[in-house]
Amino acid sequence: MLRVVGWVGSVPAIVGAIISLVGAAAVCLGALYAVFERRLTVLLAYSSIENVGVMLIGIGLSMSFHVTHATTFAGVAMFAMVVQMVSHAIAKSLCFLAVGEVERRTGNDHLDALGGIYAKMPMVATGLLVGSLTLAGVAPFSGFTSEWLTLQSMLQAYRTLAAFPQTIIVLAGALAAIGSALAFTAFLRLFAFLFTGRLRTPILESLITKSSSGRVANAAIAGASVVSALYGFFPTVLVNAYGRIVSFLTVSPSVASDISPSVFHHPEQFSSLMNLGAGLLSFLPMPSAVIEPGALVSSIAPTYVLCWFAVFSLVALLIQYLVKRSKYRTRTVRPWAGGRQLTFETAQYSGTAYSNPYRMFFSPLLRFQVHRRVTSGTSMVPTRVSVHTNAEKWLQSQIYQRLVRAVRKRLSIVTRLQHGYLWGYTTTFLAVLVILLLWAYWS
């Protein structure tokens with residue numbers, strides 16, 4: 001996509017707005033299908049559609065701002081795209097590592113067949129949690145950083161764009177907001193119903209085993225988790241490096257000077273901030289290390305959030321140490337099961353049941369269907385019921401299939417020529433040759 005943008009050069013602002021709208025539609029539809037998906041790997045694939053849609057929004061905004069000579073906003077939009085691209089690459093690799101390890105050790109990647117495996121695979125669960133929080137755009141992870149910068153870029157459309165492109169950007173923002181909420185729902189469902197609760201099938205107890213390859217996978221997941229988390233807490237370290245990339249892509253001044261607080265460039269003019277800790281250690285202040293409202297955008301980085309996390313953790317440990325543990329002894333009780341005496345693992349709330357309200361709400365769009373068939377008993381007193389659901393892939397069936405049918409209808413004459421007879425091919429070749437010779441003669 002970036003290569004195509006470089007080839008086409010300057011385009012009308014409406015083209016960039018339409019590209020952003022297409023990206024927002026991808027965000028919404030990708031997250032929507034991820035909410036309903038039961039297979040873990042397919043769920044992550046739909047999440048990739050959502051994240052690529054965020055990148056497409058940034059590219060479209062950058063194109064629109066570049067046409068209107070708003071180079072600062074074009075740089076911020078492209079910077080958000082670069083951050084999103086790197087963040088998605090790290091977090092999605094982490095999630096696929098974790099899901100692959102789950103499938104290898106359990107032999108299953110169906111969400112409704114799994115559950116309660118946190119105690120068996122704590123490192124895998126931690127890695128998937130970090131990746132899920134990043135891909136869901138939860139602060140202060142890097143997914144939130146990129147999506148927030150993209151939103152900041154969309155809010156600047158009223159400064160430079162005309163009324164019609166502004167309307168398209170507003171619609172794109174609404175779709176992107178819905179998609180972000182659905183993405184959070186999808187990853188909440190993924191983690192909660194995969195690792196919490198009880199093991200749904202007793203056979204999982206014997207399948208989940210440890211091995212040397214499992215230790216290697218845990219080490220890889222731990223390393224990717226650290227990289228993904230640190231990238232969210234310390235994106236400011238890479239601002240200058242990304243600024244050079246953005247300057248090359250958008251042919252605009254360095255974006256680092258636009259989104260970084262002035263204390264980074266002129267610390268002598270901000271003595272109060274320096275006294276409050278902006279100049280902590282030799283490598284601070286760094287780009288966006290402190291909060292400062294600017295003329296165009298306001299700058300903030302989660303670097304100090306990590307410091308506050310450390311402070312709050314120490315305070316919590318101190319409180320735990322000071323309070324006598326004897327007053328809060330842990331006790332084990334039976335869970336409330338709605339008045340029933342017997343509880344079954346298969347009777348737990350499932351991921352499909354969790355997503356069912358969304359499925360019913362979006363049923364006009366998805367053409368959702370439920371097929372029930374009594375396999376044992378009678379229709380009045382069924383003892384076993386088979387339920388099969390089907391959600392139509394709207395983007396695939398409603399757009400691409402119609403396009404394919406239209407193209408096939410227009411090219412029906414070509415299919416008639418492909419009859420398999422040699423004399424037909426020879427006649428067609430000679431006819432085309434004669435037409436070309438006549439055209440060359442008369443031209």
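Positions of Cβ are set from backbone N, Cα and C atoms, glycine also.
Those TrEMBL annotations? Automatic predictions, nothing curated.
DSSP places the residues of the domain 'NADH:quinone oxidoreductase/Mrp antiporter transmembrane' (17-163) in helix, strand and coil in these numbers: 120 helix, 2 strand, 25 coil. TrEMBL lists 17-163 with the feature domain 'NADH:quinone oxidoreductase/Mrp antiporter transmembrane'.
The transmembrane segment feature in TrEMBL is assigned to 12-36 (among others).
Residues annotated as transmembrane segment in TrEMBL: 43-67 (among others).
The feature transmembrane segment is assigned by TrEMBL to 73-100 (among others). Taking Cβ pairs closer than 8 Å, the transmembrane segment (73-100) reaches residues 40-41, 44, 47-48, 51-52, 54-55, 58-59, 61-63, 65-66, 109, 124-125, 127-128, 130-132, 134-135, 141-143, 145-147, 149-150, 152-153, 156, 159-160, 217, 220-221, 224-225, 227-228, 231-232, 235, 242-243, 245-247, 249-250, 252-255, 258-259, 296-297 in its own chain, all 6 or more past its ends.
According to TrEMBL, the feature transmembrane segment maps to 121-142 (among others).
As annotated by TrEMBL, transmembrane segment applies to 162-195 (among others).
Using a Cβ-Cβ cut-off under 8 Å and counting only residues 6 or more beyond its ends in the same chain, the transmembrane segment (216-235) has close neighbours at 83, 86-87, 90-91, 93-94, 97-98, 100-101, 104, 123-124, 126-127, 130-131, 134, 140-145, 288, 301-303, 305-306. What TrEMBL records for 216-235 (among others) is transmembrane segment.
Residues or ranges marked as transmembrane segment by TrEMBL: 303-323 (among others).
The transmembrane segment annotation in TrEMBL covers 420-442 (among others).
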Cβ-Cβ under 8 Å with the transmembrane segment (43-67): same-chain residues at least 6 beyond its ends: 1-2, 5, 10-31, 33-34, 37, 73-75, 77-78, 80-81, 84-85, 88, 92, 95-96, 99, 111, 135, 146-147, 150, 153-154, 156-157, 160-161, 165, 169, 172, 176, 179, 183, 186-187, 190, 249-252
